Amino acid sequence: MAVQRTFSILKPDATERNITGAINALIEKAGLRIVAQKRIHMTRGQAETFYAVHKERPFFGELVDFMTSGPVVVQVLEGEGAIAKYRDVMGATDPSKAADGTIRKLHAKSIGENSVHGSDAPETAAIEIAQFFAGNEIVG
């Protein structure tokens, strides 16, 4: 399997509880390297652009409000099959359905406050990474 990069967000429910280190430990334990990372307060415009795919969904406004409610940590992860590997480490969106040992099983508060986001495909990973990082900010 090829080395890939994927995009990750540690969401406001994770930063407010100061569990970003615990989440990073799970990421690294899975064999993924954090090659870029920064803590930001996402603007409304950034959140609306990032989640534009959900614009017509009834939860869009609530999602944007949540993602701008506090700091987030945006990351670029790298490793063999990084996209699938990180999705496995995150676990199901619904923490009650997530496998034991996954980030969401261990740390998510609810379906809405599920602690993390990860890219779902190489194309979306490239777009998401470019939204938050310049090339020289990614150091592999």
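Each Cβ is built from the backbone N, Cα and C atoms, and glycine gets one as well.
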(message) Among Arg39, Arg44, Arg104, which residue does Swiss-Prot annotate as binding ATP at the site that also has Lys11, Phe59, Arg87, Thr93, Asn114?
(response) Arg104
(request) Determine, to the nearest whole angstrom, how far the Cα atom of Phe59 (ATP binding site) is from the Cα atom of His117 (active site, pros-phosphohistidine intermediate). (result) 16
(request) Between Arg87 (ATP binding site) and His117 (active site, pros-phosphohistidine intermediate), find the distance joining the two CA atoms and give it rounded to the nearest Å. (result) 9
(message) Which one is it: of the recorded positions Lys11, Arg87, Arg104, His117, which Cβ has the fewest other Cβ atoms within 10 Å in this structure?
(response) Arg87
(request) Ten-angstrom check, please: count other Cβ atoms within 10 Å of the Cβ of Asn114 (ATP binding site), all chains counted. (result) 22
(request) Return one of helix, strand or coil for Arg87 (ATP binding site), based on DSSP. (result) helix
